[in-house]
Every structure is written in structure tokens, then in C-alpha cells.
């Protein structure tokens, strides 16, 4: 992560000699004010300005094509608009997928059952507010606690935000690397063995690696087991989301079209099945004939549709969304 930032700013003296577009000065200042952007040095601001202009051009051209019916989603200059794809991946998307042989597929599907046409677990009060992971690759932790929060609500009737920081700090021996990445099933195994996880209120998120501070006095949830779904089976993922609750998944989030997504059903042919970002499927549905997965992200409410993204469903496991699904049980 540090190497990437260094590369960007070693080049800053050369970048400052490139010309910004002065006609965008007002819009640049407005964008900075909107998202509270402040830069320590002029060279840093010069770098960010040129990245921002490049992203702005990308957004404008994409949205022009969207207006012509060429895309099912549009883009916007959100709080990530001054970052490159490489930075977003390095700072905010660090999913570490375990070796394939370690997976234990235990889900028993019932292909003959009738499932609802749409599901949104927010409507049942099973989804906490969207969180912001900041410059820490803790996507996996937020995905894991999001799934467990829903199970806690279904079992007890109480919706409680659980501590992603607890997972960041305490699950290293399970293969997780804190802000440098991890995986949801390893997080569940830690909670199982630890006999619990603290609440967010008692163990708040700091977006950095710390010494483990778990305290059983503040335990807010437990986990008895977790279930993994078969690779690439969107039909089984639909069944699990409908019957069990929100499901943890990994996706390919490495494209500007993803981190600058604003609304609609996301479908980018460049998206691969090499997953690098942990998110939470909280439902599914159909928008103007486009089937989608309703996905909760951890990039704050300024991302997408108030922190959510609708991703193409039944499009050949688009972005790898059905590659590594799992959910916990209490």
C-alpha cells in the first residue's frame, strides 16, 4: 500500500508540469468542499486534480452512453473520485481467498421450491447502517459482521452493529491480515472458537491494525457454524438469500466503473471472476427487466445508492459474485 502511494507522489513533480483544465476550477473546488477534501501539499493536490479530471471524463463519457441506452447503470464523482483503481484496490479491497481445497460445501439445495421474485432484508430490519472502512482493507470483516448481524436479528429480534475492528485485530492466526486483507469464513471460524464477538459500540472501528482488545463482557453475538455455497451457482445463492438471510460474497471491484458507480444495474464486460473485495448480498430483484443482486458495500453512504450497488444477476456469475458465498449461523 505504501509503495503505491510513494510511486504516485514520486511522480508528482512531473505531474505538476502537466496542465489542468482551468474551466474545471469551480467544479473541482465544489467537489472538494462536498467531500471535505484537504491536501497537505500543492504537489499532492496537483496529482489528485489530474486523477480527478481523468475520472470525470470517464464518468461523463459513460453517462453520455448511458443516455443513449448503451449501459444499465450510471456513474458519479463520489468521494473516491480523486483515486485510481490501483489505489482503491490497495487501500480498500484486500480479499484473501483461501485455497480451493479448503472449502467445505455443506449447503443442501432444494431446487423445486418456489422463491419470491424479490428480496430485500432491509425491509425486515435485518441490515445495519452502511459503514465506511476507510484506508484499511477490512472489507472482509464488514461483510462477515453484516451477515452475522442479520442472523442475530432473526434469532433475537435485536439489530446490533458488531465489531469489525474485533475481527481486524484478533483473527490473524486464522489467516487474516487485518487491514491487509482477510476472508469471511476465517472470520466466522475465529468467532466460533472465540465463543463470541464484541459490539461495535464497545469495540469501535479505527481503520488501522491494533492489539486485540476483545472483552467477553461486551460480547454481542456468537456463531455456531458457517455454511459455504457451491462455486458459481447463482440459483443456489438466490435460494440461500431468500431462505437464510444476507450472504457474504467476493466480487471483482477493480474497475473505475465499480468504484464510481452511482445507480442502476451494474454490468461491465471487463469485470472478471477474480474476486478481490468482500461485500454482502442482502437481496435480489429486477429493474426494468434487468435482474440484479442487491449488495451492501463498506465504502460509506456516498458510494452508489446510499452505500449499495445493484449488480447483474444471472449473467454468468458476473464479477465472480457467486464464486465464494457463505453465511454464518448462531
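Glycine is treated like the rest: Cβ placed from N, Cα and C.
Quick look at what Swiss-Prot annotates:
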type	residues	note
SIGNAL	1-17	signal peptide
CARBOHYD	104	N-linked glycosylation site
DISULFID	126-223	disulfide bond
DISULFID	136-179	disulfide bond
ACT_SITE	139	active site
DISULFID	170-212	disulfide bond
DISULFID	271-319	disulfide bond
ACT_SITE	277	active site
ACT_SITE	297	active site
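Ranking the recorded positions 104, 297 by how many other Cβ atoms lie within 10 angstroms of each Cβ puts 104 at the bottom. Sequence-distant contacts (6 or more apart, same chain, Cβ under 8 Å) of residue 170 (disulfide bond) comprise 190, 194, 212, 214.
Look at residue 277 (active site): DSSP puts it in a strand. Looking only at the disulfide-bonded residues 126, 136, 179, 212, 319, the densest Cβ neighbourhood within 10 Å occurs at 319. In three-state terms derived from DSSP, residue 212 (disulfide bond) belongs to neither a helical nor a strand segment and is classed as coil. Neighbour density around each Cβ, counted as other Cβ atoms within 10 Å, peaks among the recorded positions 139, 271 at 139.
The recorded positions recorded for this entry are 139, 223, 297, and the Cα of 139 lies nearest to that of residue 277 (active site). Neighbour list (residue 223 (disulfide bond), Cβ cut-off 8 Å, at least 6 residues apart, same chain): 148, 188, 191, 192, 197, 328, 329, 330. The DSSP secondary structure for residue 139 (active site) is helix. Here the Cβ of residue 277 (active site) has 27 other Cβ atoms within 10 Å, regardless of which shown protein chain they belong to.
A coil conformation is recorded for residue 126 (disulfide bond) in the three-state DSSP classification, outside any helix or strand. Nearest neighbour of residue 297 (active site) by Cα distance, taken over the recorded positions 104, 136, 139, 179: 139.
For residue 179 (disulfide bond), the nearest of the recorded positions 104, 126, 139, 271, 319 in terms of C-alpha separation is 139.
Residue pair residue 319 (disulfide bond) / residue 139 (active site) shows a Cα separation of 16 Å.
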